[in-house]
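The NADP(+) binding site feature in Swiss-Prot is assigned to Arg39, Arg45; the stated evidence is sequence analysis. The FMN binding site annotation in Swiss-Prot covers Arg130, Ser131, Ser132, Asn251, Ala252, Gly296, Lys311, Pro312, Ile313, Pro314, Thr315, Arg337.
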Amino acid sequence: MRYLTAGESHGPQLTAILEGVPAGLELRAEHINKELARRQKGYGRGRRMQIEKDEVKIVGGVRHGKTLGSPIALVVENRDFQHWQTIMAVEPIDDETEVKRKVTRPRPGHADLNGALKYGHRDMRNVLERSSARETTVRVAAGAVAKRLLEEVGIRVAGHVLEIGGVRAEKLDYRSLDELQKVTEESPVRCFDPEAGQKMMEAIDLAKKNGDSIGGIVEVIVEGVPAGVGSYVHYDRKLDAKIAAAIVSINAFKGVEFGIGFEAARRPGSEVHDEIIWSPEQGFSRRTNRAGGFEGGMTTGMPIVVRGVMKPIPTLYKPLGSVDIDTKEPFTASIERSDSCAVPAASVVAEAVVAWEVAAAIVEQFGQDRIDLIKENIERARRYAREF
């Protein structure tokens, strides 16, 4: 399974082409729209979320509510495009006013300057339109399809916010993914700990008041993946490596860890590795899950636990210093409409990219063409693991 996306932040639409999704999977627009709505929520979002109400159009690969096995084409229209039709026109324009509106002041922390250097753009709108986090809309749409596939084979994915602006959730005594999802969906910052959630909102308010932005940490948990998914044979087949790459590919994400993560550097081995246990009912398992569900690039059968670190959004309403690429004069960076904190929304994006990588690994390992055969094969693998 793989996918490609296309489209600009203020262009007419965003498009995703999904290849390798097996035939026979029940899929409707409402499955995807539910995830798109979750992405648009979250305390600290900017005014654009009041403009856009994202809805998907499935324009290929699905008929009568089921996937065909052919590429799936998804389209999400940008409702704000009506205000950008001239400046984002595909054909050449003669409007001198619009031509002169080019972006020549790169924003610190963005792709603007590096992208202009790479592609030779003198108008950095050509960079910022594509590098915008708006592109994650269709990545969430692709992830929704992956989640639908995982649901069919008994695998659950859930995400939540662990930390925003130095405020960390301490109460994480949820008893199931159902409880975690229920509580976080009701939280404006997608935090399970209500006291921490309130302090997170206060931190966001303060950052907004100061014309600043703040980042945080999100966590994604995947339950139900059988042991042995992924591979130790080659570096590029390790599933944890693929998930790590997917996490840091999200806009503004700068770090990733599994299980106890970087804490492992501060502990002795006896407090890092997970003891192996066995029971007639479950077969082999682990006493703890410090490894976060992975050993040797393969799943252990324990829940996958992965965290991603998101830096503060670099678009600031009190801009940092920059230099105009045309005049070479120092200036304060240009301002695009932005959020003061996008960590809650980013947790939904993180769910999506993790779901896609897990689903792709499941399809690769347990059969590629039909969902019914994949379900049979994965159930056979679960029985084998219990009886091993």
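Glycine is treated like the rest: Cβ placed from N, Cα and C.
Highest local Cβ density among the binding-site residues Ser132, Thr315 belongs to Thr315, counted as other Cβ atoms within 10 Å over all protein chains shown.
Arg39 (NADP(+) binding site) is surrounded by 27 other CB atoms, counting those within 10 A of its CB over all protein chains shown. Neighbour density around each Cβ, counted as other Cβ atoms within 10 Å, peaks among the binding-site residues Ala252, Ile313 at Ile313. Annotated pair Arg39 (NADP(+) binding site) and Ile313 (FMN binding site), C-alpha to C-alpha distance, rounded: 16 Å. Contacts of Arg130 (FMN binding site) defined by a Cβ separation under 8 A and a same-chain sequence distance of 6+ are given as Glu8, Ser9, in order along the sequence. Other Cβ atoms within 10 Å of the Cβ of Lys311 (FMN binding site) number 15 in total over all chains.
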